[in-house]
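Some notes on the structure that comes next.
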Amino acid sequence: MSFLRLCVSASRRVVSRTQAVGSVFSGSARSASGALKDQEPLKKAKTPQGRFDAPEKSGDVLEKFPDDVNPKTKEKGGPRGPEPTRYGDWERKGRCVDF
Amino acid sequence: MASVRAASRLLSKRVLANTKAVPAAAVQGSRNFHFSIYGKKKSAKVADDISTQYPVVDHEFDAVVVGAGGAGLRAAFGLSEAGFNTACVTKLFPTRSHTVAAQGGINAALGNMEQDDWRWHFYDTVKGSDWLGDQDAIHYMTEQAPAAVVELENFGMPFSRTEEGKIYQRAFGGQSLKYGKGGQAHRCCCVADRTGHSLLHTLYGRSLRYDTSYFVEYFALDLLMENGECKGVIALCMEDGSIHRFRAQNTVIATGGYGRTYFSCTSAHTSTGDGTAMVTRAGLPCQDLEFVQFHPTGIYGAGCLITEGCRGEGGILINSEGERFMERYAPNAKDLASRDVVSRSMTIEIREGRGVGPDKDHVYLQLHHLPPQQLATRLPGISETAMIFAGVDVTKEPIPVLPTVHYNMGGIPTNYKGQVIDHTNGKDKVIPGLYACGEAACASVHGANRLGANSLLDLVVFGRACALTIAEEHKPGEKLSPLKPSAGEESVANLDKLRFANGNLRTSEIRLNMQKTMQNHAAVFRTGSVLKEGCDKMADVYQSMEKIKTFDRGIVWNTDLVESLELQNLMLNAVQTINGAEQRKESRGAHAREDFKDRIDEYDYSKPLEGQQKKPFEQHWRKHTMSYVDPKTGKVTLRYRPVIDSSLNEQDCAHVPPAIRSY
């Protein structure tokens, strides 16, 4: 019986700690993207805050061609970025691919 | 709060109840199989003939395909389309096969960018192979190439297009017009920059239309051979540890290459040459295994290749003394010398003790002396690549590189139809019931050196060829020839021995020894003394397999056991490679020796042929190596087979007589 009570108190403490930690996290996220969030209301309140409201930053070094058509060679649906075969092998992001 | 506790108590009770319901472990052999025998799999029967410890399930099919990469999938659904009851046994999920890493394109003489003819492609491939390729197989492949690419496009593969909507073809190395006299040809069709990925997914999607039975994560152990005929495959189901015998009239091997015998390779960890090893254990030969393609700058440890453009833009190779060593080996071209010169120079520096790193086994590629903006514009993405794969900041530190294996030209010898052959009494003899395609096979379209963009073509053309040959010669539903009930017991005995192995060397240690030996002795730099030393060391490493120790004694998903089986397969490939290289005393294509720098053909093709005497077969080297291994001792026997010099139809496409290869 006493063991059970110990378990209860331990789990209650754990639950309360996680609740406190949760609020700290959400609080910091709110303040981190605070500049944007304070000006507009959240569009999607249920999603992780701020991530989908701001325009997506393209992290890729090789950019997509407009309409996927390479302006120099008029190739549609080809590889992005500079021509992969320009050095005599197939180059992409510094890596050579063998095929 | 209380409800949470109550819920968790209920959940745990349910979990406990489930664990009690699970039957005992497979070691006792009383466990239920993960698949139930219903529908098409009604023919699967449990047999006790081999062993009572290992439950064996027998299946009967019309055809079995081992391996589900580009070639395996094409063969599997080609057979299903023709009406055969096909099984595809693969140790990886089909879309995880190494074909997915081939980012480049496929060559085909479609003629979309300029006037083109497949006979010019034939000439280029024969020349690229340094006249070691079988010209009938090359004729078959290049003639079928346009049809194969159009077929893939009809399956839904999204090739990149020109403005008119035809498939866009770009220029890639080694392809010319008008038999080498018309300038660069544009033949390489690609899908953005992920052709291999797209090919594999297209083929897998297409194969699901047919009713091929997939046995995914089944490791094929051995071929079931009887009286010189192949009657099926025996495989280990990794998921539950059961042994499966697949009896079939036709077996197709498409297991891929064996890059993992070397320390530095671009291949996946699963490229372990299982098909070539299975064929070796069955007493059949493997062809031309000494021809292995190297690339000079592969990242140390990761195995990714750094493009030659780095050196083209001004990058330099330096050794442990900080010296730009290429100035000594190629005073004019320096770092822009041809690939084999650069690879050999790097290897010589490492051998002479001027390598970098704790083991002094690689060199540095320095780019930080170039302005960072120039690097970012000319080679976008290289800083990302260097950081991810080498962990270096390319604007401050050099990249560690060494020559890396990326393709194996050799493999299981086949004729142009995909049937496995053996060479006895001076003639090619077809092994009934056995076929091979893809990188595992050597129909010898690549000969001594493979041209880029030809390997994806090889996969689809010969995968289809195997399916067509089987459809021509056999009918679906044919009665299976009888098989001894105890067939496959040596494989199970080997499995059992490895599972309970208790020596003193771990699998990973033996594997590292083999890889280091191969990298040091059978890599780019080959001379008689180095190769001989390597052969002796490899023989020792082969013997050290007796002292292997495994730790996992279970049977369910035992990756220790599967890695040890793969190591056995790698060993067989490695000994054949290094012994073949030691015996071949010439330089041809990818096999370049310092002590025999020239090609030794039956005539000296650098001089006019009149007045020259033809050298007898034993004295020249324009022949295929056929290597046999005794699996118990590791001893390699080498025989030779002549190159097929005539094309399939001399009126349609004349064969190319040998000449000196110069670009």
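Yeah, the Cβs are placed from backbone N, Cα and C, and that goes for glycine too.
Under the heading domain 'FAD-dependent oxidoreductase 2 FAD-binding', TrEMBL lists B:62-456. The FAD binding site annotation in TrEMBL covers B:67-72, B:90-105, B:D274, B:E439, B:455-456. The tele-8alpha-FAD histidine annotation in TrEMBL covers B:H98. Here TrEMBL flags B:H295, B:T307, B:H406, B:R450 as substrate binding site. Per TrEMBL, the feature active site, proton acceptor maps to B:R339.
Locations of recorded TrEMBL features on the structure.
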residue: B:G67; record: FAD binding site; Cβ contacts under 8 Å, 6 or more apart: B:V89, B:T90, B:S97, B:I253, B:A254, B:T255, B:G256, B:D274, B:G275, B:G438, B:A440
residue: B:A71; record: FAD binding site; Cβ contacts under 8 Å, 6 or more apart: B:A254, B:C437, B:G438, B:E439, B:A440, B:A441, B:D458, B:L459, B:V460, B:F462, B:G463
residue: B:L92; record: FAD binding site; Cβ contacts under 8 Å, 6 or more apart: B:A68, B:V216, B:E217, B:T270
residue: B:H98; record: tele-8alpha-FAD histidine; Cβ contacts under 8 Å, 6 or more apart: B:G69, B:G256, B:G257, B:S267, B:A268, B:T270, B:S271
residue: B:V100; record: FAD binding site; Cβ contacts under 8 Å, 6 or more apart: B:G196, B:H197, B:L200
residue: B:H295; record: substrate binding site; Cβ contacts under 8 Å, 6 or more apart: B:T266, B:L305, B:R339, B:S343, B:P403, B:T404, B:H406
residue: B:T307; record: substrate binding site; Cβ contacts under 8 Å, 6 or more apart: B:L379
residue: B:S455; record: FAD binding site; Cβ contacts under 8 Å, 6 or more apart: B:A102, B:Y407, B:E439, B:H446
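In sequence order, B:G128, B:S129, B:Q293, B:Y407, B:M409 constitute the residues six or more apart from B:R450 (substrate binding site) in its chain with CB-CB distances below 8 Å. Under a cutoff of 8 A between CB atoms, and with a sequence separation of 6+ in the same chain, the neighbours of B:G104 (FAD binding site) are B:F172, B:C188, B:C190, B:T195, B:G196, B:G452, B:A453, B:L456. The secondary structure of B:R450 (substrate binding site), as reduced to three states from DSSP, is coil rather than helix or strand. B:H406 (substrate binding site) is surrounded by 24 other CB atoms, counting those within 10 A of its CB over all protein chains shown. In sequence order, B:S455 are the binding-site residues among B:R96, B:V100, B:R450, B:S455 whose C-beta falls under 8 Å from a C-beta of chain A. B:R339 (active site, proton acceptor) has a Cβ environment of 17 other Cβ atoms inside 10 Å. Shown in sequence order, the list is empty: the chain has no residue 6+ apart in sequence with a C-beta less than 8 angstroms from the C-beta of B:R96 (FAD binding site).
Under the three-state DSSP scheme, B:L92 (FAD binding site) falls in the coil class. Per-residue pLDDT, averaged along the domain 'FAD-dependent oxidoreductase 2 FAD-binding' (B:62-456), amounts to 93 for this model.
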